[in-house]
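Read the structure below first, then the notes.
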């Protein structure tokens, strides 16, 4: 019968363990594995493969007017950089972008601060974002042109529109997500009002705020290039979008590609250098993001 | 004053030669923060009722609770879940306002949270993850403007050393184990030198071995610093070991059923007959409710 079965009673033992020296306790990973751990190397490989594919495709179609190769684009890019035309265009675009982006961020913080402190502010934020977030910034451009004229004013207006809503939504979600214990700890230290927001809420919501900044940046950059493509130069000074549009009209397809490459390069630099280093010294270091 | 009487009786039976015995004596004589008038409790909770609101109803968490905590007491609130002990502690911290009754700390009514009552929470996320251990310990000192930067750093190092984390002073909280995080929280609380230390099941999220070690360290720290402690737990053993006086709360709503002395017990007495008897006594008091109350508690 099963109930009769008893486990055997075995003798006890106790032995003194000698220091462990047979095998090293830690080992270094092989070089290939360590190299593969490097993000820049993996991403560089992806970029190289894409460039190779592009060049191959261009050689195969063999039509410089439709698809100039990677090397042709690079030489057009080098030329544009050398005669500083491209750099001027980039500078003009970035100045406008900076104005719109920064004002959008400031407005988003004001709106969010209002939203975390009052019921009315919460309602205001949710209503406004529900109304305006789905509205494409470009759709406002004709109206902006009417109001602010053919200048950087209307560009800044659409940029603010493209940054403000996603940024406010993300920041607000970040503030809402701060754990109760952390809030109580902050209040326990006697913090309240603005110092409380600065020393507890903002750092604790930084992952969400950073992702809002990233989304806002992408929206703004995208909106700016598109807006420049649509209405081009303001008082004779066009940005990068205008450069692309102009060269397409003149069928300099390699310069169009150079302009596009510049747009991509700036996006990549901002993403991998600026935002990645901000993340590395803040949220990653603090263990809030893996 | 039964408490004082007990202390005097203890002092009389053991005339000064047994040092370990003094370690267990929660007398205020050795404490630097002894009030002139021993009869005035540091914290007095008088007729405190607390309520919290859910979407549909108002729930009474505690009903007319009275207790006193004297300087250098290690006062434990013990009770099953739903007895409002955590809510009571948060009310002492100033996060909840009583619907009736009054909480006075050093004769002054408690109105809002403040750095004179530092809370050690159960959750590990009480430490801002963007500050290193040293910055975390110095944070309340700076935030409350208690001392200057240099003094805050010095004090932080001192208390980090006390909890044995000097090697980790520059680590971030996410690099520490749960027990180490709680040690940082305790160091932070001590560095502020609050009038009272409030601990809300601080060791409940730790594994059993670490919990045991932390209890031991807490008692050693108390022995050295003689802070006043209000400690919430649902473990009878922990209450008896950590506390010198235990208040037993009944659930739904929380009311003080009894207060017992536990200054005789420490970690070494866990297996002893007296300790087991005390545990059994508290256990009986916790569970021998009449059937009506028991079903109310289960609901």
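Glycine too: its Cβ is placed from the backbone N, Cα and C atoms.
Please treat TrEMBL annotations as automatic predictions, because they have not gone through curation.
According to TrEMBL:
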type: DOMAIN; residues: A:86-274; note: domain 'ABC transmembrane type-1'
type: TRANSMEM; residues: A:40-59; note: transmembrane segment
type: TRANSMEM; residues: A:65-82; note: transmembrane segment
type: TRANSMEM; residues: A:94-116; note: transmembrane segment
type: TRANSMEM; residues: A:128-148; note: transmembrane segment
type: TRANSMEM; residues: A:155-175; note: transmembrane segment
type: TRANSMEM; residues: A:195-213; note: transmembrane segment
type: TRANSMEM; residues: A:225-245; note: transmembrane segment
type: TRANSMEM; residues: A:257-278; note: transmembrane segment
Going along the chain, which residues at least six beyond the ends of the transmembrane segment (A:94-116) come within the CB cut-off of under 8 Å? 122, 124-125, 128, 152, 155-165, 167-168, 171-172, 175, 197, 201, 212-213, 216-217, 220-221, 224, 239, 266
Taking a Cβ cut-off under 8 Å, which residues six or more beyond the ends of the transmembrane segment (A:40-59) line up next to it in the same chain? 67-72, 272
Between the transmembrane segment (A:257-278) and the stretches A:65-82, A:155-175, A:195-213, work out which stretch tops the count of Cβ pairs under 8 Å. A:65-82
Are there at least 3 C-beta pairs under 8 angstroms linking the transmembrane segment (A:65-82) and the transmembrane segment (A:155-175), leaving out pairs fewer than 6 apart in sequence? no
Quickly jot the same-chain residues contacting the transmembrane segment (A:65-82) by Cβ under 8 Å, restricted to those at least six beyond its ends, or write none. 51-52, 54-55, 57-59, 251-255, 257-259, 261-262
List, by number or range, the same-chain residues at least 6 past the transmembrane segment (A:195-213) whose CB is under 8 A from its CB atoms? 105, 108, 113, 116, 166-171, 173-175, 177-179, 182-183, 185-187, 275, 278-279, 282-283, 288-289
